[in-house]
């Protein structure tokens, strides 16, 4: 089967040349990113932070936003047009609930009623703000109705007085002064009895809901209203009463709580940064060969610390320049640095590990070229998959997710660029200092390890260092085996490959999948407003009261008939009544008694003898003339005590008939049982379905909660869309990078399994599928590629002959880097585990699940599956095709001159006999590219290691295989290194091409 690793080869060549360039020119690559980062700081001055929770966490294309805009366009809310219960915006709205402290007590009775009235009076009269020498109170800033009087909460004292005087009040609609008033939205925890006509009679209540709506236009007035809200909050914070409990909420609450979430992250990020600094420095300390003292020449703690700082520079640059480009910012982006620093630290480990695998006797240029060829490809793949996964997330319709994904994707890309410039330049300097035996911190010569016996304790602790041997063939001095890699290759992998352990792993995977799928079936959608709050927020009790009392029964939905029929026609009026009845009598609406409808009120109005014709009540059903009906309507709307109803209609001129008619109108219906997100989603869809039954009227339904319920409905389709697209992109990348195309199936399977696990276990861990968890699910796709593709590639391209040996080789090379990356990421986010905010804890939980499940698949499940189902056929098939075309590789090598063995890639073909075929030359070239460490340093040595076991000379074959197995064969994710294989002339003395190979 043909190789599909078309991306790796050119990248390997490019990064090898680039690594040599860095070794010659480190300083420009160090200082240029520093200048860019310093300039990017100016972007923080113009930080365009968006705090509107409705905008951020509801879909941009949400139907509810269109519905809200329709109502706002028809009945814009401004001073002089306000009617309680009909506002479609919560801008500058203050809500207060007042409840009895003892359950079962009646808020309508004394002394509770007096305390509620006193509190209302205190809010309206005592809360004032000063601006330019003038004090502004509620009456100066309130939104007024047509009578230009603040609505206030006069009904509280009125209804309490009626109740205390024994007046039977119907519920949820009460008739006062010939006008019906809806009180279902104002009272919570209501108990009722029934009258003679089976109407509900109010018997008691537990809570009052009071609304104070302030002006939000023009901007200077809105600013004053915002200051008033702050003063109101101070009053409520200091308010206490032994008999009543008060909760409150205002239009700035969600924005303030989001900011509190972001502010709580700043000290956590500093803590995470310090933890990663220590962890990185610790992981890059090396010990001397003959003792456990620190080798200060080879250790690189300062370089590791600068690697963490490199990630911080990438974050600053991304945020700064995106803000200079007018990219909106929101406080949830504050979580992004934890993720980017973790990814950056992971890549830093790869680069330092790649350098450790190079021969210390080689030149700085060669070591940098080889290390960049190995590690930079892997880093490129990691950055590419992570950035693309967030790029896919940016196409979602939820603005908060879009903004976060753009910032994170750009930050990951910039951090990668800085790693191959700024950090690579520092790495080149570090190699230069190491080659001179300088102390990694103080840059002074270290004391040789052989002199430790004569040295003082302080010298042994802080100044010992090992020098490399100038002879590159003395690999025992110039290369060292990694103890963690030794553990994974010689302990972990052999134990994992035992039949019993493999069987247990399969059972474990089955149990894991069962629990994950069960969790997916229990999925809960949506980010509820309460989850945007910090755990100790003053608004949480307010939402709890709304859920328990006011959303359970009495909330209001507006229904707009955009295309009103000719209401002068009695049949059309009857159809409208039937339509209103359909809305009022659903599973989530209270009934006809909760309807607030101007036409219904007009019929009551004219049925009263005081307003009828000739002192008698008038039956509106007898009106058949258009002109008569609309004339009566105008008279009704002009009556003083019906001043609210004109705000429910829109008039239009009929030129052909010469009079005005009603083009559109609205009515209101009481809701019930919408306390939970599931109920809210059901109610939203139910009422929209009712509206769809009357298409000729073009009906719109809306209440403020609809904005969040649309998010519940769209979050699942958005998540599925992002997962499918991201998986397709990741599998395509795997096809480009893994030589065996069929292995892309295992990559896709691992990604799917990890995502199912993340979604299922996060549900079992009390996390909803919402905008926050969607971000980390998208992120988990990129991480799962890191774990699955690297292991799969290492396995199928292993040079070993049996599946067990292949997985040993792959895990020996990849087990520790993958574990290091997982540990660094978990350390970066574990500081968020106890933040008292649902959003932040959700991020921690989902990241933790994505990392642990990804590592579990990479180290356990996927290796077992590869051993059982993939036999490394890509390597064998490639060899077989080459041999079919040109014969065995050792035979081809015998055609070459002795000098070819010490010639690099550019010159080796010159030494082949002129009779060599094009196929032979192409095979030689491809073998060196495929099996060499880099295009320039690749010689026939690397090809011999790969094909030595296939020599026609069995004794030489056995000897070569024996020596190849005597030293580690590390992979660096997508790169391979053969420099650790000891060969010398004494061990190999025949035939001539073995001697030539040993000459290297």
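Quick reminder: no glycine exception, Cβ is built from N, Cα and C everywhere.
The domain 'SSD' feature in TrEMBL is assigned to 263-429. Model confidence over the domain 'SSD' (263-429) stands at 88, taken as the mean pLDDT rounded to a whole number.
Taken from TrEMBL, the feature transmembrane segment covers 21-45 (among others).
Per TrEMBL, the feature transmembrane segment maps to 269-289 (among others). Long-range Cβ contacts of the transmembrane segment (269-289) within its own chain (Cβ-Cβ under 8 Å, at least 6 residues beyond either end) map to 295, 298-305, 307-308, 312, 334, 337-338, 341-342, 345, 348-349, 352, 449, 452, 464, 466, 480, 820, 823-824, 827-829, 831.
Here the transmembrane segment (301-322) has Cβ contacts under 8 Å with residues 33-34, 36-37, 39-44, 273, 276-277, 280-285, 329, 333, 336-337, 340-341, 343-345, 348, 351-352, 406-407, 410-419, 422-423, 426-427, 430, 440-441 of the same chain, all six or more residues outside its ends. Residues annotated as transmembrane segment in TrEMBL: 301-322 (among others).
What TrEMBL records for 334-355 (among others) is transmembrane segment. Listed as Cβ neighbours of the transmembrane segment (334-355) (distance under 8 Å, sequence separation of 6 or more from its ends, same chain) are residues 261-262, 265-266, 268-269, 272-273, 276, 279-280, 283-284, 300, 303-304, 307-308, 310-312, 314-315, 318, 367, 370-372, 374-376, 378-379, 382-383, 386, 404, 407-408, 411-412, 415-416, 419, 423-424, 427, 430-431, 482, 779, 817, 820-821, 824-825, 827-829, 831-832, 840, 843, 847, 972-973, 975.
Non-local neighbours of the transmembrane segment (375-395) in the same chain are 8, 11-12, 15, 18-19, 343, 346-347, 350-351, 353-354, 401-402, 404-406, 408-409, 412-413, 415-416, 419-420, 424, 721-722, 725-726, 729-730, 733, 737, 774-775, 778-779, 781-783, 785-786, 789-790, 972-975; each lies 6+ residues outside the stretch with a CB under 8 Å from one of its CB atoms. Taken from TrEMBL, the feature transmembrane segment covers 375-395 (among others).
The transmembrane segment annotation in TrEMBL covers 401-429 (among others).
Residues or ranges marked as transmembrane segment in TrEMBL: 500-519 (among others).
Per TrEMBL, the feature transmembrane segment maps to 720-738 (among others).
Look at TrEMBL and you will find 745-765 (among others) tagged as transmembrane segment. For the transmembrane segment (745-765), same-chain residues at least 6 beyond its ends with a Cβ under 8 Å from one of its own Cβ atoms are 512-513, 515-520, 522-524, 723, 727, 730-731, 734, 738, 773, 776-777, 780-781, 783-785, 787-789, 792, 842, 845-846, 849-850, 853-854, 857, 861-862, 865-866, 869-870.
Annotated transmembrane segment per TrEMBL: 771-796 (among others), in sequence order.
What TrEMBL lists as transmembrane segment is 817-841 (among others). Sequence-distant contacts of the transmembrane segment (817-841) (same chain, at least 6 residues past either end, Cβ-Cβ under 8 Å): 260-261, 264-265, 268, 271-272, 275-276, 279-280, 283, 332, 335, 338-339, 341-343, 345-346, 349-350, 353, 484, 530-536, 772, 783, 786-787, 790-791, 847-848, 851-852, 854-855, 858-859, 972-973.
If you look up TrEMBL, you'll see 847-870 (among others) marked as transmembrane segment.
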Residues outside the transmembrane segment (500-519) whose C-beta sits under 8 Å from one of its C-beta atoms, at least 6 past its ends, are 753, 756-757, 759-764, 856, 860-861, 864, 867-868
Outside the transmembrane segment (401-429), at least 6 residues beyond either end, the same-chain residues with a Cβ under 8 Å of its Cβ set are 15, 18-19, 22-23, 26-30, 32-34, 50, 56, 303, 306-307, 310-311, 313-315, 317-319, 321-322, 327-330, 332-333, 335-337, 339-340, 343-344, 347-348, 351-352, 355, 364, 368, 371-372, 376, 379-380, 383, 386-388, 390-395, 718, 771, 774-775, 778-779
In the same chain, residues at least 6 away from the ends of the transmembrane segment (21-45) whose Cβ sits under 8 Å of its Cβ atoms read 313, 316-317, 319-324, 363-365, 367-369, 372, 417-418, 421-422, 424-429, 431
